[in-house]
Amino acid sequence: MQDRFVRRINELPKALADELLPMLGEQFCGHLDAQQVKQLCAVSAMDSHELGLALLPIAAALAKPPVSNFYVGAIAVGSGGDFYMGANLELQGEALFHSVHAEQSAISHAWLSGETQISDIIVNASPCGHCRQFMNELVQGQAIRIHLPGQDTAPLSHYLPYAFGPADLNVTAPLLSKQQTELVLESDDPLLIEALDHAGLSYAPYSQCHAAVVLETEDGASFCGRYAENAAFNPSMLPMQMALSALVRHNRSFSDIKRAVLLESSQGKISLVGATMDALHAVAVVELEHLVVDPV
């Protein structure tokens, strides 16, 4: 079991902790498939949402909050019943806008794993306005059920009434919809090809700045982030922050980063290079490789 879970697992009921323990090996990064969820429900005599609430201490253990020291854990439930954990991330000494909220982390975890719809968000603290707006960008966002400890379950529409969302800006394919933008790059560099693939899957209906970041660590592993825009603009999630969140979920250190690539479309109304460099240079002594490519 990873060290970060040692104290947290003691907060769980014993039967649940005993069943979960073998799942928390070195490769665990916060994902439980639907079969594992059913297995844990059976052992703990909980339904899936009760289980999610019980597992929030494990999700919170994924957090890295050096500024607030406030650990937030969240679980996004995919349409097939998979659990995707996420947690808040803050960059030491840097402006707070670089932060990743737990709900964003969990949702990006699900998106990077191929989910196209989220039915529920389970979180240990009431979603802030930023996160409510971020969730409202998702497929059927207003219907997502929010679960909080000690409170009745309610849809996002309860937490964000009279919402402004993608439809108000004539966007008909919201975040998590299956969509792809074809971008052109001639290269045999696997990291650049990976960045190209993820940029094509990014969500940028407002600026057309389809973009992705890929981080490579010393052992050759790669961690990706896609740009995820928001109708309210400010709650958009930058690809570097998404990639850093993925790296931390996988229990890696920023010092492990040896390469960092930002690939973005030449047709974007904006560029993410400045913000991406700021975040990267806050955590690693690595130069950003910046590629601008044309759409088909």
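Residue numbering: from 1, along the chain as shown.
Backbone N, Cα and C define each Cβ position, glycine as well.
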### Query
Need a hand: Swiss-Prot gives CYS128, CYS131 for Zn(2+), which of HIS101, HIS109, HIS158 is also on that list?
HIS101
### Task
Taking the recorded Zn(2+) site as HIS101, CYS128, CYS131, identify the other residues of that chain whose CB atom sits within 8 Å of the mean position of the site's CB atoms, giving them in sequence order.
ALA102, GLU103, GLN104, PRO127, GLY129, HIS130, ARG132, PHE134
### Message
Under a three-state reading of DSSP, tell me whether CYS131 (Zn(2+) binding site) is helix, strand or coil.
### Response
helix
### Model confidence over the domain 'CMP/dCMP-type deaminase 2' (186-296), averaged pLDDT
98
